[in-house]
Amino acid sequence: MAHTSDGWGAPYDNQTYVEAYEQLEIALLEPLDRILETANVEEFRPKFKNHQDPNDRKNKKNNDEEWRDSIYNIATDESDTDDHEQRKNFFQPPLQVQRNSFVKNTLMEFKRSSQIDISRLAVMGCGEMSLEKGICEYLGSFGTINVLSVDIDEPSLSIGQQLLGKHLERNAEILAVETGLPVLMRSYVGDILEPDHRFADVDAIVSMEVVEHIPLPNAKKFVENVLGTLMPRIFIFSTPNHEYNAVFGMEPGEFRHGDHKFEMNRKEFSNWLEELSIRFPHYQIDPPHYIGMTRGYENLSGASQAAVCRLQVDLNTTLPQEVTPYEMVGHLPCRLGSRLIAYNLVKEAFLDWLEKIELQEHEPRTDGYSPYWIFNVQNILHHLKAPVSFALTIDEKVAIKYIQGMTSRKVHAEYSHGFNGIVILQMHSKEELIKTVQDNTL
């Protein structure tokens with residue numbers, strides 16, 4: 001299961017962007033190890049109260065509401081348990097959203113303070129990929145070009161792939177204007193207790209609300225594998241604060257979810273982090289961070305308790321490259337920065353076309369208030385200096401809008417002659433248009 005490198009250069013110029021997109025398209029052609037059986041989104045994790053029973057017509061949501069709740073994580077709040085169907089929402093925004101924000105802010109601060117790009121980000125125990133959806137628009141700010149996600153639960157992973165794909169599609173326009181290189185988001189089926197070389201030496205590993213789902217000895221083994229074998233530059237993980245269950249009206253000793261194997265109180269979690277600091281001195285491990293607070297219960301700190309571990313010395317894994325037990329089952333592109341790239345490429349193509357064309361050699365039309373020329377925008381797009389795979393993503397009408405903007409509306413759109421065209425008034429010289437374009441920047 002050896003895979004080609006997923007990395008590409010830093011976003012210094014248009015050519016780097018274009019080459020990155022070309023490499024992304026090549027990476028997306030790489031065959032998967034296998035394809036997951038598609039899980040039913042409408043039956044997605046019915047144990048959470050906000051996801052209604054799909055057979056309950058009275059409470060059934062339409063597809064748009066279902067997608068909305070799934071995408072914005074309203075349906076996967078840790079405060080919603082099997083035994084408390086009528087419980088109110090304790091957290092605004094939902095606790096899952098707050099955890100995602102904590103990860104985003106922590107990674108942003110790490111990038112700022114270390115001046116190191118988080119080029120490869122791994123999510124271990126990714127579940128339904130709430131975190132990936134929550135931070136995808138910030139990946140450019142992190143300097144990320146590759147996200148690797150792994151989970152052992154295939155239905156959850158299938159749901160995650162569907163929801164992430166839908167999220168990327170719905171937010172394509174927002175992502176297109178974000179600064180950053182395109183991001184390859186790959187998903188794997190695997191047991192996080194088994195280290196995989198592809199997850200070694202990454203810049204960041206995140207594992208939120210995962211360890212409590214496996215027996216405590218295995219949870220400790222997982223964390224020790226990350227800090228001692230995979231050795232990311234930063235490792236963030238969280239688990240429920242057991243003391244906070246009292247806020248939800250739960251009985252002493254009752255776990256927040258039926259599938260939790262253990263839960264720690266604040267003292268137990270703090271002691272665990274102190275033990276890790278002694279065993280792995282090459283990591284600086286913060287005191288516990290707390291996420292999610294309900295008014296009136298400030299004395300309990302927060303619903304989730306998180307650890308942040310930063311590598312202090314430049315060490316590399318000793319895990320052999322052939323150790324790749326995970327199966328690659330999905331990949332999706334997060335097309336950051338594509339609009340800026342397209343704009344700059346169209347600008348270069350338009351300038352190149354203007355330099356080479358002699359407007360006066362073409363007979364102007366005189367059926368308007370001023371003589372003018374009409375040109376098919378395809379003639380301009382033929383001057384694009386980009387691989388065909390990327391050039392084909394630039395819509396002709398969008399290219400015309402770019403040209404209108406960069407010429408300060410001295411060029412007009414024309415769609416009534418059977419093609420997508422531009423109109424140039426004879427009063428505007430080629431030299432004037434070139435200067436206007438060169439003076440305008442996006």
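Note: Cβ is positioned from N, Cα and C throughout, glycine not excepted.
What you are looking at is a predicted structure, and each value in this text was computed from that prediction instead of being measured.
Positions annotated as S-adenosyl-L-methionine binding site by Swiss-Prot, on the basis of similarity to another entry: Gly125, Asp151. Around the Cβ of Gly125 (S-adenosyl-L-methionine binding site), the number of neighbouring Cβ atoms within 10 Å comes to 22.
Of all the Cβ atoms in the protein chains shown, 25 others lie within 10 Å of the Cβ of Glu209 (Mg(2+) binding site). Taken from Swiss-Prot, the feature Mg(2+) binding site applies to Glu209, Glu212, His213, His260, supported by similarity to another entry.
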Those binding-site residues listed as Asp151, Glu212, and which of them has the most Cβ atoms within 10 Å of its own Cβ: Asp151
Under 8 Å by Cβ from His213 (Mg(2+) binding site), counting only residues of that chain that are 6 or more apart: Gly125, Asp259, His260, Lys261
Spatial separation of Asp151 (S-adenosyl-L-methionine binding site) from Glu212 (Mg(2+) binding site) - C-alpha basis, Å: 14
Pairwise CA distance, Asp151 (S-adenosyl-L-methionine binding site) versus Glu209 (Mg(2+) binding site), rounded so that it is a whole Å: 13
